[in-house]
């Protein structure tokens, strides 16, 4: 299956797209250069004759969309009548229209692009050719009204002076176009906005050879027919990469994805963005948003200022420059792009606010302008409820596997399909991969539960069963099979760190913490033998587990000059030293300065020691130089800061009831007299938000620190953002959290 997909990705060209009967019929009407009584493209007429559907219509065989069927059918009938061919086809088509044209109703949001312009013109041509089509029906009068309103809004001077989306529907404005002037907007490929029908119409009025060469090329490539748009090479490539990533199977195709993004970047403009094809001179916010997000995620240099091209002075956004409308899917992709913001990316903040407000007000019955996806509204709901920096990747993939439609259709002048974006191959691999990884994760949980029982941690009165929750957190982020040892180590270490923290909370005193610190520095369990049974159980488990981890790490770090046992001891000692400071503050009821608190608390939160010990299992060789780079990295500092502040906000009420007085909230309130608790939390949330922007930039910008290690730090920050939204979901999982764990770790993808 993977090899089959690689072969598919290796064949990407100008875009694989389903044929359009409507556009093919326009091309079929073109007279031959050598004999005007014959068609230039007789093969397209054969295609029309052989692709009429059983009910007499033309259009998508597997999806009945009334506007698509009626428009395509009228277009095909006009083409056949032009050459006085296919009388049986014409009779069947006329019968279909008589039975179905009345189904056209008032626009419910499902009109095709430019339908109100092109359909009424098409009907007039059908009437002139003597086709028997009913035209005196209420729906057509309504459509005629739509057409008149649209024409009143279109300044014809602008149509002839700057490129607009009207070029895509020129065949609907034939009586209003100056054909000589309009030729200034012909694309370098000879098309008008990549539309075969619009280009065919222009050719029949101008006989411009560039148009004909474009159409010849499309008919040849698509085999006797044409699609509604061509080429769509950038659009197809971007949506393929996005689909692979959302389904969680992109790791199998990294070389192919790099080739795709290199191709896209070649046509990227920081000033204008991109359109659906490399020849598209009219850029759009949909392709630009997708391109920006994917290119930034993969380390390419792109500027968010590109979105100025799609923003009004009132901070509103639109799909095409100089126009005033947009659909939901394009703003949805703008919203997704806005979440990969770096520091000072102010326009992305504006984009996020605008998109979030618009998407939050969508009705479930909304019909998108550009696509008819299986579960589009559910996709929007999920994204709004799960921001990128707090959504665990495997939870995201499980959701998208459910929402993905292998048979989804897309909307332009007609409906169309993208078989390289929506297909059974992608979804089948995604399900197979998800379930295979899930099976490995379940096996790891059993290993961890046996380890847990052997250490007798379950006997501790203060420590609940956190094994599954702890494992779920890392397994939902670093989920690949090759990170199995990392997940086991990370989970064990996280549980040990949490045990030490709980031990300090329930039984700790500065004196006891000093004993534990000395035992860690000496690596001697006998130094805690005089302490309580709970302390001895904890230290014994810590001692045995760290020794096992050192052995495992030494096996995978054979060339490292680092003394791994001493390194892990050092990290543990730093953690306990920081917890000792916490204990002393608590004993004295001392509230330090905000800066002093954070200096210690970003260590006592336990992420620095966890990460600096876990990195041995990231598949990279860790030298002393690299270790020092990681220790000093802004990436590590920001991860610890986010973890601490998220933890403080989530556990504040519980810790206060327990008697703890020093937290980032209380320290900030003490320094800023008169502010409320909620104001302090709002300030801390602001720090978290800005830290995320900086961390995102650190993570996505190439550096000496390997990507897998930066990813582990980034995912750890993401875990804390997820675990501690407003409460402690680690010690006391909510029902939603428990349900998510069940869904990701135990329910297979079906």
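Our numbering is plain: 1 for the first residue shown, then up by one each step along the chain.
Backbone N, Cα and C define each Cβ position, glycine as well.
Residues belonging to the motif 'DXDD motif' (284-287) score a mean pLDDT of 98 in the model. Residues or ranges marked as motif 'DXDD motif' in Swiss-Prot: 284-287.
Under a cutoff of 8 A between CB atoms, and with a sequence separation of 6+ in the same chain, the neighbours of residue 284 (Mg(2+) 4 binding site) are 273, 275, 276, 319, 320, 330. Residues or ranges marked as Mg(2+) 4 binding site in Swiss-Prot: 284, 286.
Summarising the annotation, Swiss-Prot assigns motif 'DDXXD motif' to 501-505.
Among the features that Swiss-Prot reports, Mg(2+) 2 binding site is placed at 501, 505. With a cut-off of 8 Å between CB atoms and residues at least 6 apart in sequence, the same chain places 579, 606 near residue 501 (Mg(2+) 2 binding site), listed in sequence order. Classification of residue 501 (Mg(2+) 2 binding site) by DSSP places it within a helix.
The annotation Mg(2+) 1 binding site is assigned in Swiss-Prot to 501, 505.
Packing around residue 655 (Mg(2+) 3 binding site) is summarised by its Cβ count: 20 other Cβ atoms lie within 10 angstroms of its Cβ, all protein chains included. Swiss-Prot lists 647, 651, 655 with the feature Mg(2+) 3 binding site, giving similarity to another entry as the kind of evidence.
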Residue 286 (Mg(2+) 4 binding site), number of other Cβ atoms within 10 Å: 29
Cβ atoms near residue 651 (Mg(2+) 3 binding site) (within 10 Å, other residues, all chains): 19
Other parts of the chain folded back onto the motif 'DXDD motif' (284-287), taken as Cβ under 8 Å at six or more residues beyond its ends: 234-235, 238, 273-276, 307, 310, 317-320, 326, 329-331, 333-334, 370
Alpha-carbon distance [residue 286 (Mg(2+) 4 binding site); residue 655 (Mg(2+) 3 binding site)] in Å: 46
Other C-beta atoms that fall within 10 angstroms of the C-beta of residue 647 (Mg(2+) 3 binding site): 23
